[in-house]
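Novice: Quick one: structure below, then a few questions.
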Amino acid sequence: MAKLLVLTVLGIGAALFRDHRSSYQTRFNAFREVKPVELPNCNLVKGIEHGSEDLEILTNGLAFISSGLKYPGIKSFEPDKPGKILLMDLNEKHPTVLELEITGSNFDLSSFNPHGISTFTDEDNAVYLLVVNHPNFKTTVELFKFQEEEKSLLHLKTIRHKLLPNVNDIVAVGPEHFYATNDHYFVDPYLRSWELYLGLSWSYVVYYTPDEARVVAEGFDFANGINISPDGKYVYIAELLSHKIHVYEKHANWTLTPLKSLDFDTLVDNISVDPVTGDLWVGCHPNGMRIFYYDSENPPGSEVLRVQNILTEEPKVTVVYADNSTVLQGSTVASVYKGKLLVGTVFHKALYCEL
């Protein structure tokens, strides 16, 4: 109730003070133009036309890709079709995508709306895929077991919790244990729009187990991508509209302590971590206005960053790829496997490059 009262007061204040618009434009990078950075050996992935919002590559080169996201305020070119999970084998010379069949008697395929994904491999090498789902624009986390021979996903469980109302991304630390970002505090669409406009920084991160869920980090202006270091000691959180990546130290009781933050001149979305080097690969939006207010005459560009040595005093940030929308619109994620780069988008195509 207190936050609702504050929101009302701030809403009135926003109507009275015109200069808030400039802050809004700054948060969304409204006037930034991206300078193209090309890679020599890139091809669009056949079979992906309407989104590849998140992806995760297993150590054996199999990549899971979530496709077909419908998100409030974001363009969708297939608004009436359910989403899907695609599989791609990066060991192939010319990899193609395959839609994974989803089995399980209690899962509603017609409302499947996948967002962030994460995998967990147990001691027996069983692979579990956790998928953020927005059926009817609500939020659940779906637990699947990957059946490699059948090229299918067996649905095991649907997870709902009051602390998981607006989940964007997820990083699994067990078959049913994960950290998740909520990109908004409010669920109501009207209040969400005010929260976004005013930059209230009320979004937060939750640690979930079947026994409990608790907030472990908060105060974000649109918490987005999340991932964990290869040694499991640090958690990385992307704050989209503050253009930051935060590094948190993870403790034995799963609590998080802020360690440092990196600032960028782009809107950082999903974070992938190279399991060998520990480098961060980040899908970014050079101009957020073009994502949230889509114009076919002026569509959003794409940008991929590589962050090396993030835990040191002088991390190295490299723009590996950038495009002004002529090839790829709205990049959200990038990940590498043995010198190959895969870049996904919120509602557009996907790009496969040999580095």
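Heads up, the Cβ atoms here are built off N, Cα and C, so glycines get one too.
According to TrEMBL, the record shows the following:
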type: SIGNAL; residues: 1-17; note: signal peptide
type: DISULFID; residues: C42-C353; note: disulfide bond
type: BINDING; residues: E53, N168, N224, D269, N270; note: Ca(2+) 1 binding site
type: BINDING; residues: D54, I117, D169; note: Ca(2+) 2 binding site
type: ACT_SITE; residues: H115; note: active site, proton acceptor
type: CARBOHYD; residues: N253; note: N-linked glycosylation site
type: CARBOHYD; residues: N270; note: N-linked glycosylation site
type: CARBOHYD; residues: N324; note: N-linked glycosylation site
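Are these features on the surface or tucked inside, and what touches them?
Specialist: Around the Cβ of C42 (disulfide bond), the number of neighbouring Cβ atoms within 10 Å comes to 17.
For N168 (Ca(2+) 1 binding site), the same-chain residues 6+ apart in sequence whose C-beta sits under 8 angstroms from its C-beta are H115, G116, V132, A180, T181, N182, D183, A223, N224, G225.
Non-local contacts of D54 (Ca(2+) 2 binding site) by the CB criterion (under 8 A, 6+ apart in sequence, same chain) comprise I65, S66, P114, H115, G116, I117, D169, N270, T332, V333, G344.
Other C-beta atoms found within 10 angstroms of the C-beta of H115 (active site, proton acceptor) number 24, with every protein chain shown included.
Cβ neighbour count for N253 (N-linked glycosylation site): 7 (other Cβ atoms within 10 Å of its Cβ, all protein chains included).
Around the Cβ of N270 (Ca(2+) 1 binding site), a 10 Å sphere holds 28 further Cβ atoms from the protein chains shown.
Around N324 (N-linked glycosylation site), the same-chain residues six or more apart in sequence whose CB sits under 8 Å from its CB are E33, V34, P36, G301, listed in sequence order.
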Novice: If you draw a 10 Å sphere on the Cβ of D169 (Ca(2+) 2 binding site), how many other Cβ atoms land inside?
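Specialist: By my count, 30.
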Novice: Within 10 Å of each Cβ, count the other Cβ atoms and name the one among the recorded positions I117, C353 with the highest count.
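Specialist: Compared across I117, C353, the most Cβ atoms within 10 Å surround I117.
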Novice: Within 10 Å of the Cβ of N224 (Ca(2+) 1 binding site), how many other Cβ atoms can you find? Include all protein chains, please.
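Specialist: Step by step: centre on the Cβ of N224 (Ca(2+) 1 binding site), count other Cβ atoms within 10 Å, giving 25.
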